């Protein structure tokens, strides 16, 4: 009886304005459904103007952004045409060395959000920020912020490439101006982009102000392995062999292409009866 009344009511509403309006069949809602659908299925097809409450599954919402709403039968069919929209959660985004600056926690299908990288990091294409979009299967991509280095400041040198930013472990080659050389005595060198920035600054020095290896001293030596070239104001330490002691400063300094006066190693005073001598010098005899 109820079904018959519903059919009669549907036909009356459909023809009330002198034109036939097609009724709505039972809605098949993707990622959701009608409340009490088993009971309500008896009342279909539905007349235009009828409304029914429905719900959306997890990770889906109605066009109004809620988890339930009303679906309406119109002369053009059901409205909204897509009752349940995919959502993406802010908590599903993992950005190492970056963050999402917007306050929203839920984003609807095709909605876009911006993310920013921390200072010293950039997107894969070298920008400080990027965007991701909520798609049917989730976020369009997981954003990445990678370590980068800006073009450094050169001193008496110039870059051998035209890049403006460099990824972690990238190498930048540079060359010194005429009359200048690197700390290793070369006219070319390279630096590497690391976690803490460039491995060193691309600096070249006036070659006429550099010093060669420090001067040797008798019965002594430097505490570090000698280099081919030392920069201005470099300092080297000396030490004496056993039974000798330093006289003067144990350091020498490079200035204007020359080393300061090196120390001397003089023999310590010992009890003569405990000393012996060979071709290599004097040594102590243990009793």
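Note that Cβ sites are derived from N, Cα and C of the backbone, with glycine treated the same way.
The annotation disulfide bond is assigned in TrEMBL to 211-254. Per TrEMBL, domain 'Sushi' is recorded for 86-147, 209-267. The signal peptide feature in TrEMBL is assigned to 1-18.
Sequence-distant contacts (6 or more apart, same chain, Cβ under 8 Å) of residue 254 (disulfide bond) comprise 210, 211, 230, 231, 232, 233, 234, 235.
Every protein chain shown contributes to the tally, and the Cβ of residue 211 (disulfide bond) ends up with 23 other Cβ atoms within 10 Å.
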